[in-house]
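These notes are about the structure you will find just below.
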Amino acid sequence: MSTDNTSLHLEKVVPEAEDFLPILGTDFVELYVGNAKQAAYYYQHAWGFQPVAYAGLETGKKDSVSYVLQQGKIRVVLTSPLEKDGEINAHINKHGDGVKFVALWVDDARKSYEETTKRGAKSYVEPYELEDENGKAVISGIHTYGETIHLFVERGEYEGPFLPGYRVYDTKAKSPDTGLKFIDHMVGNVGWNEMNKWVEFYGKVMGFAQLVSFDDKDISTDYTALMSKVMSNGNGRIKFPINEPAEGKKKSQIEEYIDFYNGAGVQHIALATDNIIETVTQLRDRGVEFLYVPETYYDDLLDRVGEIDEDLEPLKELGVLVDRDDEGYLLQIFTKPVLDRPTMFFEIIQRKGAQSFGKGNFKALFEAIEREQDLRGTLN
Ligand SMILES: [Fe+2]
């Protein structure tokens, strides 16, 4: 990562946010998975992530193995246990594959830990140093919703491929990237009546400010409902919408998630692209499955959102959704769950001015999710 970060956290775009926890960006997202080697294959060849770093038996790590992949600024770590029992196995047993760590890139991991724990964050790990021949890094961590952890990563002048203890991971067979640039936002699902508790956590403990909220009138179909509030840090690089289920005629998709994940966790990660048509065409052709909306969605699309730069035909063919707000428009599409359990999925998003989250698409989108829930027999 670049070490030229002096100017990055000065530009404050969310004035209500506080400054005690400057975050430079997302450092990495780490999933605990049942088979990291095969998951790494999926993310490399279906999604176009590139091999970066590895830790495992060959590097002296006895209890677990990790593959680090990167595309644009998006860094994904896939970790599997190498032994029975232990924390990773317990996590996989309970949740299936899922996000364990949302690691935040900071200048000072000790101060980040101190500022958040003194405001009430529960400690996961006190600041500790990691060192190898490529330099030094400092890591600390706090708990957030469910069993999800925020790590604070201070990498200073570290010059190795990832973090101390990892070595370069390279493969002969590489798949081209798919144009994914950075994490736009990352959504957490929490249990009934827990949204405000976690909104308060991000506000009080992390200094984030609330951007928008949606209630069950915005986000409901005939059958299911949910509520959502979006929290952002000061420079807008970290946006965490928090969802909770709301009462509907049938089971909410958030409830389905909570049932299968056995608790709160990361629901979706939105990845930004500059060309959604090219990105989604690539992903689809390599086997990534997307939710589809009925073709009627496109009949009056331009009446709803006005003029857009893109041709309608490819958007319709791929199932890309469009929404407009005061500042511009956005294009977005959602994958089906990428794990065995109907838990985590991805969103691909291209912003053309709009800073919102696609409220105008919620209804069409949730109806698409309900069709999938119905196939799984979990809509009742
Ligand atoms: Fe999203």
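Count begins at 1; order follows the chain as displayed.
Placed from the backbone N, Cα and C atoms, the Cβ positions cover glycine too.
Just so you know, TrEMBL annotations never went through curation; they're auto-generated.
Taken straight from TrEMBL:
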- H185, H268, E347: Fe cation binding site (BINDING)
- 25-155: domain 'VOC' (DOMAIN)
- 182-336: domain 'VOC' (DOMAIN)
In the same chain, outside H185, H268, E347, whose C-beta lies within 8 angstroms of the Cβ mean position for the Fe cation site?
D184, M186, V187, P241, Q267, I269, A270, L271, F334, F346, I349
Determine how many residues of the domain 'VOC' (25-155) DSSP places in helix, in strand and in coil.
32 helix, 63 strand, 36 coil
Number of Cβ atoms other than its own within 10 Å, given for E347 (Fe cation binding site):
23
Once the DSSP letters are reduced so that anything not helix or strand counts as coil, what is H268 (Fe cation binding site)?
strand
